[in-house]
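*Asks:* Quick paste from TrEMBL:
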type    : residues             : note
BINDING : Cys84, His87, Cys156 : Zn(2+) binding site
DOMAIN  : 12-187               : domain 'GTP cyclohydrolase I'
Amino acid sequence: MRKEYNMDTKRIESLVYQLLEALGENPDREGLVETPKRVAQMMEEMFEGIQYTNADIADMFGKTFDVDTNQMVIVKDITCFSHCEHHMALMYDMNISIGYIPRGRVIGLSKMPRIAEMCCKRLQLQEKIGEDIAEVISIATGTDDVIVHITSSHSCVSARGVKSANSKTTTLATKGVFEQEDMINRFLTLKNA
């Protein structure tokens, strides 16, 4: 069930104003006067997923259809972005591929990118994004056989600290039969085809 959600955009505006001051900026100058409001609106959009549990997301985008097949279904090259929970830094150039084996039910193909996007609209870890997507697909379809491959760049690595601009992080969340090496290899072969 959807939890009570109340993003306090007025408070965010006030805090952004204070942040600009703390940075030594003049929040009342022409280029910044609307910035606190714009940042609050942006955060409301970018962090929309905070208000939903994985079960809520499965309910929102979990329209399924009866099917008499157990062929692997893959939707690949889903592009999203997220924010790491450690620095609130952007995870970008995110490429997500989702695979599952239906057990009598399939989800609409367009729902898989929507599920991925909503799971990304939270303060997250890349590893957790994959686990969340796998859980939502599992809840929606009733299958335990789900795999999620994610490759992404992290601005907390590329733009600060080590400043490794070209590094990418790859994660693989697996459930059910996809915990077996041969099934992982089969998925990766099809994903890369």
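A Cβ is built for glycine as well, from the same backbone N, Cα and C atoms used for every other residue.
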*Asks:* Can you name the residues of this chain that are 6 or more positions from Cys156 (Zn(2+) binding site) yet have a C-beta less than 8 Å from its C-beta?
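*Replies:* Looking at Cβ-Cβ distances below 8 Å from Cys156 (Zn(2+) binding site), excluding near sequence neighbours, one finds Cys84, His86, His87, Ala89.
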*Asks:* With the Zn(2+) site defined by Cys84, His87, Cys156, which remaining residues of that chain have Cβ atoms positioned within 8 Å of the Cβ centroid?
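*Replies:* Going along the sequence, the neighbours come out as His83, Glu85, His86, Met88, Ala89, Met91, His154, Ser155, Val157, Arg160.
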*Asks:* With DSSP assignments reduced to helix, strand and coil, which class does Cys84 (Zn(2+) binding site) get?
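*Replies:* In the DSSP reduction, Cys84 (Zn(2+) binding site) maps to strand.
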*Asks:* Among Cys84, His87, the binding-site residues in question, whose Cβ has the most other Cβ atoms within 10 Å in this structure?
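*Replies:* Per the Cβ count, the most surrounded site is Cys84.
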